[in-house]
Structures are given as structure tokens and as C-alpha cells.
Amino acid sequence: MSSLYLDRRDTTLKLEGRVLAVYIKDRRESTVPLRLLERIVLRSSVALDSATLARLADTGVAVVAFGGRFGRSQAVVIGAGHNEAARRIGQMRRYDDPDYRLRWSRRIVIGKLRGQRRLLRRALARRPDQRHPLTQALAAQDQALTRLREDTGLTLDQIRGIEGAAAAGFFRGYTRVFAPELDFTGRNRRPPRDPVNAALSLGYSLLHADAVHGSHVAGLDPMIGFFHALDFGRASLASDLIEPLRPHVEHWVWESFRERVLRPEDFKRDAEACLLSKEARGRYFAAFERFARPRRRLLRRWTTKLAGQLAEHGHPSISRSSQVVTTAAGPAEGGEPFEIPFGPD
């Protein structure tokens, strides 16, 4: 399965039998068999009629559209999801289970911090000239991980606070491995104000759209997560799922600048925003697609396994007060969240 990125004005998509045809200014430029498509990403003004959109949704092709002045607006159009209602019932029940949410959140945050720690260690090996800030950033990760593992009385708000403090510590080290001309001094967004933040924000957004799609296909509600608080318009479960993958994006962005796949001159400033140039977006999307494929496979495995566990908890024979459910790994006290294989430290 493949992705189609469209980033050119005056583009029109048309259905022609079992293929999707791409027209630019009424000229037929290319075709893609529908059976090979998994997602379409629209960045510029692209036209398609309702019949085409409905057919894409019916065949399971996700359409991700970025709009607005700085590409900040995002819409994801997805077709029919899984038909097993027990999955969503189980998801709702688990949202109402404070102990489950604590266990889930602890594991998600530990996974993210372990990934960022691995990245900092790689950076330290390559940039010994930045030993002091990188060592300090590593110490912040270690301190946070120790508290998450050993303090069994943490509340959800405390876990969120630990994650936020560790993220700030990580970025104090991460900023030091980029060239000074990139003007990367810390995390900022909406809009991003420097090239590194622009690359990070787009990568996070694309991966988040994949998590929304994966959740929906697995029969889950992407809006109802367990770590991120519910908020109007927020796909909290998708945000939960990409937390352990954020260090992957951060490593990929660092390597992209280090290997000059992305360069300072690829970005332009528009008022307060820093934006990728049109030519550079083509290189970005091509490189991101290679990076994203194995991460999408991970997301599919995670959502499938999570959906199976939640379906067991949502079955009508399981009451809300039940404290023991059966998972693929056998009975689990309180229903342990699935173990994400984060890899070695």
C-alpha cells in the first residue's frame, strides 16, 4: 500500500474506473490504482467531487488535508471502521477506570522518555563538543524515568507534569545538536518559528493523522484517549499512540538536517511563521514516506492489539465492576494495558 502526496495548485482528482487520475490544469498527469492506495495527503488547493471522496472512503483510503494560511488546519476523511461495537464499549469503560488510565499513561510516557534518552545518547556519541548540555538532558530523562518506575502513588496530573518537565529537559539538549543558522532555541508551534520546529510539527501532524486512521480502522474512537485529557476537537487516543513515536520523528528530523536532506535555505518566513518552500516539501514528503512506513506498521499492531483487549472488556458478559479480564497473555489483574515493545534502552 502506498501514499499519494499532492502539493500543486489547480490539481483535480477524478475516478476513472478502478484508478484515480490526477489532472493539473485539465491535463491528465498520472494515474494510481485504487487498490494500491492507503492514504492521500493534500497540501495545496486540490479539487475532487463527492463521488470520488465517497469511493475513496468506501475503499479504505484516508484523505488528509492541510489548509489555512500556514497549513495549520487539518482534516482527516476516513471510511467505515470496524463493526465490532464491543471495542468502543470497552474503550469507554477503560476511560472510566482511573487505575487503567494510570497504568496506560505510565507506560506511554516511559516509552517516550526511553526513546528520547536513546536519541540523546546517540547525539552525545556524535557531538562530544556538546557533552555538558546533552549530559544534563540525559540526567533529566533518567530522573523522570526513575520517578515513573518507583513512585507507585503518582496521580495522572503528576505523570503529565513529569512528562512535561522531561520534555523541556530533552529539548534543552536537543537544540544543541543543530547548526546555529537554523535558529532552533526550543520547541514552538502554531506557527513554528524556525526550520527545525517547522519540520517537527509537520512530521508530528502526519504521524498523528496515521494514528487517527489506524484507530478508526481498528474500531476505536480516536477522540477518547487515556493519557491526554479530552478536549473539543482533540483526537486524544491518537495523541496517546504517537507519544512513544515522537522520538523517532525527532531523530529523523535531526538526521535530515545533518545529512542535508533539509537545509536552511529550504525554508521561508511569512510573518511570524517559518514554512517549507514548495520544492523542499516534495523532498520532505518523499523522505518522510520512507521513514513513516515501519512506524505505520507499529501503529497498526498497537491499535489491533489494544482493540482486541478493549473488546474483551466491552463484551456484554463483563460487568463494569469486573476486576479480572482475560487477555491474549492470560488473566490480568484489572486488565493490564498491552505492553508496547519500546526496544532496548
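Keep in mind that glycine also has a Cβ here, set from the backbone N, Cα and C atoms.
In TrEMBL, annotation is done automatically, which means it is predicted and not curated.
Per TrEMBL, the features are:
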- Glu163, His228, Glu243: Mn(2+) binding site (BINDING)
- 313-345: region 'Disordered' (REGION)
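Features as recorded by TrEMBL, highlighted on the structure.
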| residue | record | DSSP class |
| --- | --- | --- |
| Glu163 | Mn(2+) binding site | helix |
| His228 | Mn(2+) binding site | coil |
| Glu243 | Mn(2+) binding site | helix |
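Note: the Mn(2+) site is recorded as Glu163, His228, Glu243; in the same chain, Ser105, Ile108, Val109, Lys112, Arg160, Phe227, Ser239, Asp240 also have Cβ atoms within 8 Å of that site's Cβ centroid.
With all protein chains in the displayed structure included, the most crowded Cβ environment within 10 Å among the binding-site residues Glu163, Glu243 is that of Glu243. Taking Cβ-Cβ distances under 8 Å and a sequence separation of 6 or more, the neighbours of His228 (Mn(2+) binding site) in its chain are Arg234, Ser236, Ser239, Asp240.
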